[in-house]
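Over in TrEMBL, the protein carries these features:
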- B:Lys79: active site, charge relay system (ACT_SITE)
- B:Ser154: active site, charge relay system (ACT_SITE)
- B:Ser178: active site, acyl-ester intermediate (ACT_SITE)
- B:24-466: domain 'Amidase' (DOMAIN)
Amino acid sequence: MTKQYETVIGLEVHVELATKTKIFCGCSTAFGGAPNTHTCPVCTGMPGSLPVLNKQVVEYAMAVGLAANCRITQVCKFDRKNYFYPDNPQNYQISQLYLPIARDGFVEIEIGDTKKKIGIHEMHMEEDAGKLIHDEWDDTSLVDYNRSGVPLIEIVSEPDMRSAEEVMAYLEKLRLIIQYLGASDCKLQEGSMRADVNLSVREVGTTELGTRTEMKNLNSFKAISRAIEGERARQIELLEEGKAVIQETRRWDDNKEYSYAMRSKEDAQDYRYFPEPDLAPIVISDEWIARMKEQQPELRTEKLERYKSEFKIPEYDAGIITESKHMADLFEATTAICGKPKKVSNWLMGETLRLMKERDVEADALKFSPENLAKLVELTEAGTINSSVAKEVFEQVFAENVDPDKYVEEHGLKTVNDDGALQEVIAKVIAENPKAAAEFKGGKEKAIGALVGQTMKAMQGKANPAKVNEMLRAALK
Amino acid sequence: MDIMSLTAVELGRKIKEKQILVKEAVEAAFAQIEAVESDINSYVTLDKEGARKRAEEVQRLIDAGELTGPLAGVPVAVKDNMCTEGIRTTCSSKILENFKPTFTSEAVLNLEKAGAVILGKTNMDEFAMGSTTETSYYGATKNPHNTNHVPGGSSGGSCAAVAAGECSYALGSDTGGSIRQPSSFCGVVGLKPTYGTVSRYGLIAYGSSLDQIGPVAKDVTDCATILEAIASHDTKDSTSVKREDYDFTGALVDDVKGMKIGLPRDYFGEGLDPEVKAAVQRAVKVLEEKGAVVEEFDLGLVKYAIPAYYVIASAEASSNLERFDGVKYGHRAADYDGLHSMYKKTRSEGFGAEVKRRIMLGSFVLSSGYYDAYYLKALRTKALIKAEFDKAFAKYDVIIGPAAPTTAPELGKSLSDPIKMYLGDIYTISLNLAGLPGMSVPVGCDSKGLPIGMQLIGDCFKEKNIIRAGYTYECATGKEYETMAMGKEA
């Protein structure tokens with residue numbers, strides 16, 4: 001093979017918005033309800049029901065659009081996308097085709113030291129569908145409309161990405177922007193963020209785009225990455241064999257690491273889009289846009305800079321902490337209570353990351369409270385507990401969000417500051433370890449370690465090791 | 001029979017004055033239904049038990065002084081495309097044969113607040129598609145004035161029920177003339193309000209951007225009173241308008257002095273039955289004699305209204321009717337093989353020919369490659385038609401024409417030639433495209449004894465002008481309904 005190929009990728013990203021109620025009715029968007037309990041005549045498509053737009057959906061969509069440098073469509077409209085499927089109770093989805101809420105934006109990604117702009121073609125609002133549950137045993141299907149009418153935005157990028165790495169960086173960037181705006185929790189695994197990948201290959205140096213395929217059913221970053229590699233290889237192989245790539249939609253099976261064709265362009269459905277007559281156009285004033293800009297919360301880049309300047313946190317640490325809005329919120333709230341940013345940062349960068357890795361916990365899923373972390377920082381700082389006890393207590397805080405004050409009290413973990421008691425133990429330890437004592441006296445500095453260890457053990461860890469060290473030295477003089 | 005010849009407002013007054021009990025009114029209606037329904041077929045569903053229970057409840061509220069409005073205790077019939085909780089709502093289609101809604105439409109709720117007693121649901125063209133009430137799955141409704149003729153449509157059941165004294169008044173819906181044309185054919189007064197005046201929540205949609213609920217009644221006073229009861233700003237309907245003024249009865253004034261009336265030449269030209277023309281002209285003359293200033297003018301684009309309407313209405317209908325798929329409610333085919341077969345069989349069995357025709361037409365005009373040529377062009381035409389009316393209403397307070405080119409055709413003569421049937425909507429359809437209010441008022445009968453309706457057209461939100469003109473005409477000529485046939489005597 002002598003030809004060099006370039007991969008051209010564009011993404012369609014669906015993000016479920018964090019509204020409390022659905023896009024066109026007052027039903028709850030909460031996960032986990034019994035089937036068809038978060039439903040009403042509107043989201044089950046009952047005859048005579050009518051949609052009413054949830055304003056918060058427009059505001060979230062505007063916020064994301066503005067943060068992604070888009071132009072807001074000041075008179076925007078909903079359209080009906082018609083297709084028959086039982087998860088879609090009206091057999092049309094209310095979406096936007098002709099006048100989507102935002103257009104022509106970009107986000108900037110970084111690969112190493114190189115920055116690159118990824119264009120946003122458009123962003124539109126739409127409703128989610130229900131869920132079909134197939135009962136293989138009965139050979140029947142059941143429908144749950146709890147998700148029907150949950151608000152989504154679809155973010156359509158330009159075909160500006162050239163590798164899986166760029167795709168990951170783009171998705172990560174979108175996730176951070178949207179999480180920081182509070183518009184969605186963006187969890188790929190739970191489906192609150194989903195991506196379809198449009199991919200084509202072309203010979204390096206050509207400017208014309210190759211025939212693209214669209215890949216669906218990608219529900220993790222790893223799946224997306226593998227699917228891109230797989231599809232790139234498949235298309236190149238076709239071209240090398242002198243065959244044509246067919247424009248089609250393919251479904252990625254992450255278990256088999258293979259995609260298969262769902263439908264080709266020829267049998268692509270005609271969605272018969274037309275303006276939704278049940279909803280009035282949305283008129284977005286300059287003032288509204290200005291207000292949304294004003295209300296825009298601090299985004300990740302700004303926060304990172306501020307952590308460096310305000311809290312003197314190193315760039316690397318600030319980067320890790322701000323990578324999750326939840327962790328950044330934890331950091332700031334804890335710092336606000338205890339006033340010790342560096343100590344808080346150390347707990348997050350050290351023990352927290354260690355336990356996250358060990359127990360496979362995502363940053364967004366951390367469940368301890370800033371109050372309890374602040375208490376732990378203060379207990380340590382005041383010398384009430386020593387650092388090894390603190391680590392032990394933190395494990396409990398991390399796992400169960402226990403109150404450190406209570407935990408230390410109940411388990412009797414306070415450092416003993418009674419010199420008399422310590423003196424007795426030290427005398428006993430020296431008497432029981434004559435060899436180590438003699439070695440230390442003989443100038444073997446290292447020998448003190450064993451004695452400190454024995455003393456700490458005898459104290460059940462509740463002594464300050466520095467103090468033990470100091471008193472041992474005094475006793476052995 | 002005496003009770004059923006009263007207007008709704010007259011009956012309401014007698015109930016208030018305790019001369020008539022609510023249950024007597026309801027029983028009188030059921031007696032008349034019993035007597036004539038086998039000939040007329042106005043109703044798809046009667047709710048005798050519910051109505052009797054409700055009559056007692058309303059009587060209690062009236063006696064307690066909690067219900068004091070003009071319609072309290074007056075029995076009403078509701079077109080079968082408005083959802084009524086627990087009462088079967090079919091749209092006169094097989095596909096909704098056993099459908100009982102879980103909620104009641106806003107317009108009906110408003111009536112209930114005013115103390116209405118619902119007798120049942122009236123027959124209509126299937127999904128309001130038709131001009132004769134012959135496309136109903138539950139059999140055609142007959143014209144009470146001559147049962148060999150149609151009552152018009154699609155609100156034929158509501159209009160026939162009022163004309164035959166099977167209710168005191170009724171609700172209809174109007175997408176292209178479906179209140180005004182059958183009102184004209186049945187010799188009753190029917191009003192289509194400005195788009196957005198009456199909530200569409202609970203109205204099973206045909207053409208969402210054109211549909212509007214309105215009253216069908218024995219006279220203009222009833223019409224204004226009912227409209228006042230059903231009109232409301234409803235936050236559940238995004239197309240509902242918050243109007244400045246909901247006082248429609250305030251326009252019941254016997255005076256048109258100085259009122260400027262325009263007669264579009266195209267509404268009196270070719271295709272109009274000479275007897276209808278003469279009757280409407282006579283009625284206009286009456287208003288002129290009462291002091292109105294009448295002038296002929298040219299309203300442009302009249303001939304484009306029908307194609308624009310059938311493109312838009314069918315397009316919206318093709319989408320609105322997608323939800324009837326056998327999955328969630330209504331008819332489902334008994335035997336099928338997989339999902340697509342279930343869809344196909346259910347919808348093939350469940351929908352009648354006219355509905356299928358419009359679904360196909362609508363799907364076609366929205367198809368990729370045809371959207372611009374048909375749908376977009378129709379939308380542009382709609383905007384131009386509205387502009388034509390805006391121009392006219394800069395000069396006139398009311399525009400007058402016939403409601404339909406002919407009186408009621410004979411049964412069985414219309415459906416074989418749908419294009420001809422569509423052309424019958426020529427005078428009513430533009431109002432739906434432009435969102436304007438319109439009212440049909442009876443102005444006599446033709447030589448066969450079939451009623452003729454005059455259509456009064458107002459500018460958007462100017463129902464008061466047409467109510468005043470209609471009321472003045474009625475005052476000058478005597479109330480037509482007293483002379484109308486009421487079907488067989490009980």
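Using N, Cα and C of the backbone, Cβ positions are placed for all residues, glycine too.
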Checklist outcome for this item: Spacing of the two Cα atoms, B:Ser154 (active site, charge relay system) and the residue listed as 'active site, acyl-ester intermediate', in whole angstrom, works out to 5
Checklist outcome for this item: Rounded mean pLDDT within the domain 'Amidase' (B:24-466) lands at 97
Item to check | Nonlocal residues around B:Ser178 (active site, acyl-ester intermediate), in sequence order (Cβ under 8 Å, 6 or more apart) | outcome: B:Met124, B:Asp125, B:Ala128, B:Ser131, B:Gly153, B:Ser154, B:Ser155, B:Gly172
Checklist outcome for this item: Residues near B:Lys79 (active site, charge relay system) by Cβ (under 8 Å) yet at least 6 apart in sequence within the same chain, in sequence order, are B:Lys121, B:Thr122, B:Met124, B:Ser155, B:Gly157, B:Ser158, B:Ala170, B:Leu171, B:Gly172, B:Ser173
Checklist entry - Among all the protein chains here, how many other CB atoms are within 10 A of the CB of B:Ser154 (active site, charge relay system)? => result 34
Next on the checklist: Helix, strand or coil by DSSP: which one applies to B:Ser178 (active site, acyl-ester intermediate)?
Outcome noted: coil
